């Protein structure tokens with residue numbers, strides 16, 4: 001009974017991307033920076049070892065189970081520096097390596113799609129202007145067709161900061177908050193109760209329709225709760241409206257072969273539900289891990305369980321919350337033995353990421369990095385698998401493991 005579990009630690013990059021200097025960001029003062037030298041795992045470990053991440057936790061980064069699976073060595077091979085505080089003498093029990101991205105961008109959709117065999121080789125559309133970011137004709141059509149009293153924002157912003165700045169005005173006026181970032185996204189924040197969750201979803205569906213001509217990857221519903229700027233909080237009812245992958249992915253291949261694909265968290269949204277046979281909602285690291293365990297307990301033959309642990313990225317990476325990211329990794333690490341205990345000799349466990357989001361880096365955006373490529377199971381020979389030339393090597397390996405047709409991109413670790 002062959003089953004694969006993919007645990008994707010959203011944004012947990014391992015540095016080393018040779019093209020990182022091509023990814024340029026800009027700060028509020030107009031100064032620019034690039035991603036060269038960014039290393040999510042490496043820098044978290046470094047700052048923990050220096051005592052600079054002691055809020056809510058203490059001391060060196062403690063992730064013995066991830067290290068035993070090869071994360072430390074994968075990071076060292078990717079970036080030439082072994083993560084500080086991790087034991088370099090531990091002999092990994094998994095196949096470990098790192099993969100470079102051939103997609104043109106460093107966003108969520110590009111990373112996930114490339115992992116499943118469909119790299120994004122075209123350019124996404126972006127709303128580049130920091131202020132007055134969206135085309136006026138788009139805004140006018142949204143106001144008219146959705147019968148809105150107007151809108152707020154229309155800028156690049158951090159999702160938490162914009163709630164502090166505009167949340168109270170939104171409550172008073174009923175105007176939705178429109179904002180974007182360096183990613184190919186149109187984000188809409190509305191109060192879950194006063195504006196209404198279903199109304200927000202319908203507004204996002206309309207927006208998805210209207211931004212297609214701009215080649216925008218995702219429209220994201222960002223519902224929040226609270227009564228004042230001091231207590232506004234995003235709820236767990238985020239919903240992403242993605243374009244469909246441009247060609248069939250590993251997930252569709254498994255579904256078409258008669259197998260099952262169980263998505264947990266935002267995976268179903270990222271793939272626009274393509275190739276998904278069961279979508280399980282969960283919010284927060286604990287619930288996501290619990291759901292992963294529960295689905296594995298009941299999964300049958302030829303099943304892929306795919307979980308995105310979004311909190312690493314959304315709660316800690318983008319917010320540049322170093323101690324929070326470290327504490328979340330340590331929590332995840334403590335839960336890993338539960339997953340390993342459920343694995344049978346016919347199962348495959350894959351741990352990876354979709355991009356970086358170094359909490360020590362400038363700005364608030366993703367960082368261009370290699371991702372870890374970790375494979376654990378009876379069918380896997382432990383040891384180094386080196387640099388993988390594309391994220392798609394991960395999907396190709398899973399296809400090979402399940403005896404599915406070869407994907408268009410990637411080389412299997414089993415071949």
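Each Cβ is built from the backbone N, Cα and C atoms, and glycine gets one as well.
For the Mn(2+) 2 site, Swiss-Prot records 313, 318, and the single candidate of 366, 370 listed with them is 366.
The two recorded residues, residue 313 (Mn(2+) 2 binding site) and residue 10 (Mn(2+) 1 binding site), have Cα atoms 5 Å apart. The shortest Cα-Cα distance from residue 366 (Mn(2+) 2 binding site) to any of the binding-site residues (10, 354, 355) is found for 355. Cβ crowding, taken as the number of other Cβ atoms within 10 Å, peaks at 354 among the binding-site residues 313, 354. When the binding-site residues 318, 355, 366 are compared by the number of other CB atoms within 10 angstroms of each CB, 318 has the fewest.
When secondary structure is read from DSSP and collapsed to three states, residue 313 (Mn(2+) 2 binding site) falls in the helix class.
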